[in-house]
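Presented below is the structure to which this report refers.
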Amino acid sequence: MDLSELERDNTGRCRLNSPVPSVCCKEPCVLGVDEAGRGPVLGPMVYAICYCPLSRLADLEALKVADSKTLSESERDRLFAKMEEDGDFVGWALDVLSPNLISTSMLGRVKYNLNSLSHDTATGLVQYALDQGVKVAQVFVDTVGPPETYQERLQQRFPGVEVTVKAKADALYPVVSAASICAKVARDQAVKNWKFVEKLQDLDTDYGSGYPSDPKTKAWLREHVDPVFGFPQFVRFSWRTAQSILEKEAEDVTWEDSQTGDQEGLKRIKSYFSKGPRARLPHRYFQERGLESATIL
Amino acid sequence: MESSDGEAVDKRRVHLRPVTLRDPAPVLLHLLPCEVLVNRPAPVGLFFTPAIRQGPDGLEVSFRGRSLRGEEVVVPPGLVGYVMIEEKGEVLLGKQDFSEGMADDEQEERELVEPPEALERDFDRFIGATASFSSFTLWGLETIPGPDAKVRGALTWPSLAAAIHAQVPED
C-alpha cells in the first residue's frame, strides 16, 4: 500500500483510495465500513471502506476474506494484494487519522469525542464513495457500542441506502471483512514506517502493540516523556494512560480554559463584606493589556 | 497582602550589565497560550519547531495534545526585545563587567573596578541579555490570537508612555 502521502505529513488526516472500478458506477453496490487502531495509545486510527457490485459479492467471498483479527499479518497482506488484483470490481478508500488529530480533537475547547470522530469519518467515507459515482445500495458498518442510534443516524443521512450497523460485522459480512483488512494493513504499515515529526535521535521503536494494557507500551511511554513537551506526537495525549504518566512525570501546564474551581469567585463575594481596604486595581488600560508594574524580579 | 518576603525582595537592587546589550545573538521566540509551571530550558528545536505547519489560516502546531494557531508579532519600530537572565551563584561582587573581550589571565591581574556604590551580597543582583529579538511567534489556543491579543496591546504602551511623559510646550 502506498502511504507516501501520509509519510510526507502525518500531523493531520490523510485520505487514500483505489481507482473506482467502472462497474461500481453502473451496478448497485454493497459497501463495508470498518476501522483499525481505535484502542491503542500510539499511532493513527484508520477507517476504511470497501465496495463491490452486489452481483460480484460471491467473487469477493471466494477470496476467503475474513475478520482481520483472525488473520496473520502476512495473510492480510496477501488478501489485500488479491483485492488490488481484482481492482476491476473491488474498490476501497481509507481515512488515516493521525494521533495528533485525535489528541487535538479530543482535547479541544469543545470536546470532540472518539465516537463522534469515528462516526463522522465513516460518514465521510460513504459520502466520498457516493461523490465518486459509486452506486451504493447497501452499507454494512462494524461498530463498538450500541448500534441502534448509530444505524438510525446513518440511515437518516443516507436515505437512499439500506444501512446495517452491527457489532462484529467484520466477521459476518465479507465486504466488512475486506474493509477491516484494508484498515489493518494501512494501520500496521503506518505504525511500522512512522516518521516522527520530532528530531529525536536513537529513538527506540520497540513499543509493543501500542495498547495501553501492554507493559512494553507503558514502559516505552515512560521512557519517552519530556518534562516540558510531554510526548512525541505519535502518542495520543488524550488517552488516560498518557495523561496519568504526564501527571506524574512531566511539569504541570495550565491553560486559559483549565478548571481552576470557583474558589476565586468565592473569595471575591466575601470581600464585599470585609472591612479591610480594597486593593486598588490598576487602570483598565493596563488590565486589558495584561500589564503590571514589575516590583519583583 | 504584602508579605515580609516581598518587601525583602523589593529592597533588592538590580543591575543590568550594559555590555551584554551590545551584540546578543538573535533568537526565535514562541509565546504560548498556557503556563508551564516551571522555569527551565526546553528542547524547543527537537519537539516544537519541526512540528510547525503553514495552514490555511496561519501557523499550526500542537502542544501537549492541544491545537495551537500562531502568527508573527513584530516588535514596534525603535524597540528591541532582549532575553534577560539573572547571573546566579557566587556573583562577583564588586567585579563589574567592564572586562569583556580580555584574555583570562589579563582579567585576573586587573584591579577590580569599584562601582560608585558599594555592592552587598544578597542585595545587589545582576541581569544580562543572552539573546535579542525583533519579532516572535504568538500562539493562541485553537484560534489565531489576532489584532485584539493582549500582548499586541501591551506593545503599544512604550509609545503611549513616551507621549504622556513628553514635555509639553507651555502656552
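Counting starts with 1 at the first residue shown.
Positions of Cβ are set from backbone N, Cα and C atoms, glycine also.
No curator has checked TrEMBL annotations; they are predicted automatically.
Bear in mind that the values here come from a model prediction, so they are computed numbers and not experimental data.
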Can you pick which of A:ASP95, A:ASP120, A:ASP131, A:ASP142 TrEMBL lists for the same divalent metal cation site as A:ASP34, A:GLU35?
A:ASP142
Surrounding CB atoms that lie within 10 Å of the CB of A:ASP142 (divalent metal cation binding site), all protein chains:
25
Drop a 10 Å sphere on every Cβ of the binding-site residues A:ASP34, A:GLU35 and tell me which sphere holds the fewest other Cβ atoms.
A:GLU35
Overall pLDDT for the domain 'RNase H type-2' (A:28-251), taken as the rounded mean:
93
Take the mean position of the Cβ atoms of A:ASP34, A:GLU35, A:ASP142, the recorded divalent metal cation site. Which other residues of that chain put their Cβ within 8 Å of it?
A:VAL33, A:ALA36, A:TYR47, A:ALA48, A:VAL141, A:THR143, A:ALA169, A:ASP170, A:VAL176, A:ALA179, A:SER180, A:ALA183
